[in-house]
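Undergrad: Quick one: this structure, given as structure tokens, is what I'll be asking you about.
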Amino acid sequence: MSLPEKAFPVSWDQFHRDARALAWRLADNGQEWRAMVCITRGGLVPAAIVSRELNIRMIETVCIASYHDYDTQGQMKVLKSISPEIAKDGGEGVLIVDDLTDTGKTAAEVRAMLPRAHFAAVYAKPKGRPLVDTFVTEVSQDTWIYFPWDLGFTYQEPIAKGTRG
């Protein structure tokens, strides 16, 4: 598989630097976070980095599937919601972390669950950008970001094949 014309391949080193840059931006706003909500699966890696840098210990996941194959976004499916304890007060004092906001559909779904939370993503595209409070890099809507966990020397199919949601 060859990369599309507007491809943005991200190495592990680059992603780590960008996630730390996100943590710096969040630290600069002086907010004390009572919890972090990580959007799986893409938000797991930046959440680990940001939670370390900001010393956030209470970490929750929200599991939403929208890409049911590699490159086609489908209907949103909430596989695991947010605990009532984290969701209280509309998510006040909660930091939501994801790798990317693309079309904004996933971000809108999580924003509806936690309307008072702060949404941070490492990368943002124009359609999703209005839903993000803090991000590091904006890329054009027609650029495909290749994250390091998706790549070998070429695109790598997951070991477990088939769609599980």
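Here the Cβ of each residue, glycine as well, is placed from N, Cα and C on the backbone.
Checked Swiss-Prot, it gives:
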BINDING   Arg41, Gly42, Asp98, Asp99, Leu100, Thr101, Asp102, Thr103, Gly104, Lys105, Thr106  5-phospho-alpha-D-ribose 1-diphosphate binding site
BINDING   Asp99  Mg(2+) binding site
BINDING   Asp102, Ile145  xanthine binding site
BINDING   Asp102, Thr103, Gly104, Lys105, Thr106, Trp144, Ile145  GMP binding site
BINDING   Asp102, Ile145  guanine binding site
Undergrad: Between Ile145 (xanthine binding site) and Asp102 (5-phospho-alpha-D-ribose 1-diphosphate binding site), how far is it from one CA atom to the other, in Å?
TA: 10
Undergrad: Listed binding-site residues are Asp99, Thr103, Lys105, Trp144; which of them have CA atoms within 10 A of the CA of Arg41 (5-phospho-alpha-D-ribose 1-diphosphate binding site)?
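TA: Matched binding-site residues: Asp99, sequence order.
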Undergrad: Using Cα coordinates, what distance in whole Å links Thr106 (5-phospho-alpha-D-ribose 1-diphosphate binding site) and Trp144 (GMP binding site)?
TA: 17
Undergrad: How many Å lie between the Cα of Lys105 (GMP binding site) and the Cα of Asp98 (5-phospho-alpha-D-ribose 1-diphosphate binding site)?
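TA: One finds 13 Å between the Cα atoms of these residues.
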Undergrad: Considering each pair of residues in Arg41, Gly42, Asp98, Asp99, Leu100, Thr101, Asp102, Thr103, Gly104, Lys105, Thr106, all listed as binding 5-phospho-alpha-D-ribose 1-diphosphate, report the largest CA to CA distance in Å, no decimals.
TA: 16
Undergrad: By a simple count, how many Cβ atoms lie within 10 Å of the Cβ of Leu100 (5-phospho-alpha-D-ribose 1-diphosphate binding site), its own Cβ left out?
TA: 23
Undergrad: Taking just the CA atoms, what is the gap between Asp98 (5-phospho-alpha-D-ribose 1-diphosphate binding site) and Trp144 (GMP binding site) in Å?
TA: 16
Undergrad: For the GMP site as recorded (Asp102, Thr103, Gly104, Lys105, Thr106, Trp144, Ile145), determine the largest distance between any two Cα atoms, in Å, rounded to the nearest integer.
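TA: Largest pairwise Cα separation, rounded: 17 Å.
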Undergrad: Where does the residue listed as 'Mg(2+) binding site' sit by DSSP, helix, strand or coil?
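TA: The residue in question, the residue listed as 'Mg(2+) binding site', is strand (DSSP, three-state).
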Undergrad: Using a 10 Å radius around its CB, how many other CB atoms surround Thr106 (5-phospho-alpha-D-ribose 1-diphosphate binding site)?
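TA: A 10 Å sphere around the Cβ of Thr106 (5-phospho-alpha-D-ribose 1-diphosphate binding site) contains 24 other Cβ atoms.
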Undergrad: Neighbour count first, Cβ atoms within 10 Å, every protein chain included; then name which of Asp98, Asp99, Asp102 tops the list of binding-site residues.
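TA: Answer by Cβ density within 10 Å: Asp98.
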Undergrad: Which state, by DSSP, holds Gly104 (5-phospho-alpha-D-ribose 1-diphosphate binding site): helix, strand or coil?
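TA: It is coil.
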Undergrad: Neighbour count, 10 Å Cβ-Cβ cut-off, for Ile145 (xanthine binding site): what number do you get?
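TA: Excluding its own Cβ, Ile145 (xanthine binding site) sees 20 Cβ atoms within 10 Å.
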